[in-house]
């Protein structure tokens with residue numbers, strides 16, 4: 001189902017590098033079609049050194065809103081004129097809203113999307129009960145840390161190959177967040193209640209992070225922000241160890257809802273199950 005659009009169409013989009021794998025256009029355009037809106041949602045892949053120029057070119061209303069993904073989330077916050085409390089706390093943005101006066105507002109729906117996905121796929125999980133381990137220290141990790149702290153996580157270890165990058169993130173958030181190298185994982189995992197892959201490792205079917213998930217408590221939840229493939233190598237290892245898992249597609253769907261509401265001015269239509277649609281396109285059903 002598709003809609004013809006006019007010159008008055010509301011245009012949204014997603015920006016990243018690479019962007020070909022993104023399911024966001026499928027999700028948003030399905031909601032647009034179901035609602036019969038005069039609107040579109042378009043993928044963009046600006047050169048890595050042209051992101052700020054690209055955003056400046058959209059000021060003034062050509063695009064109503066823009067999702068931002070790897071590797072631009074931290075730069076998205078920096079290019080904005082104003083920002084939500086959550087985006088400022090995270091130090092990163094995954095949504096830019098373009099106002100008629102030419103100003104740009106930054107927001108971050110990654111954290112709420114993460115918590116929403118956990119609530120759906122790991123019901124009853126208590127984020128306040130045990131430490132969290134996050135693999136990666138980029139913009140996605142920043143959004144996760146901000147939301148988890150607000151939700152009451154007692155301690156968060158950010159593990160990154162480059163410890164200095166993890167330390168820069170930890171310094172933003174205070175004493176509850178610590179930076180660690182990958183060699184610290186054997187000591188961290190036995191106490192972790194939640195383990196999150198916030199890197200791009202595993203995208204396209206490659207190997208995920210090398211963490212030994214058999215070291216985690218049997219009650220631990222393992223989450224991967226990567227959603228292509230749906231059952232990443234990281235999640236398959238978690239399942240083999242008997243751990244509950246949360247996939248990246250559910251996080252994408254949960255963060256897409258407030259994005260759609262912001263850009264198009266209404267809630268997504270319940271007429272279509274976009275998860276089923278996305279699963280079909282991923283070859284999962």
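Glycine is treated like the rest: Cβ placed from N, Cα and C.
Summary of the site annotation: Swiss-Prot records shikimate binding at 22, 23, 24, 69, 94, 227. Screening the candidates 38, 56, 110, 212 against this entry identifies 110 as the one listed for that site. Residue 22 (shikimate binding site) and residue 225 (NADP(+) binding site) have their C-alpha atoms 12 Å apart, to the nearest angstrom. Counting only residues at least six positions away in the same chain, the Cβ atoms of 68, 70, 71, 72, 73, 74, 76, 90, 92, 93, 94 sit under 8 Å from the Cβ of residue 139 (NADP(+) binding site). Between the candidate binding-site residues, 69, 162, the densest Cβ environment within 10 Å is the one around 69.
Other residues of the chain with a Cβ within 8 Å of the Cβ centroid of 22, 23, 24, 69, 94, 110, 227, the shikimate site, are 14, 16, 67, 252, 255, 256.
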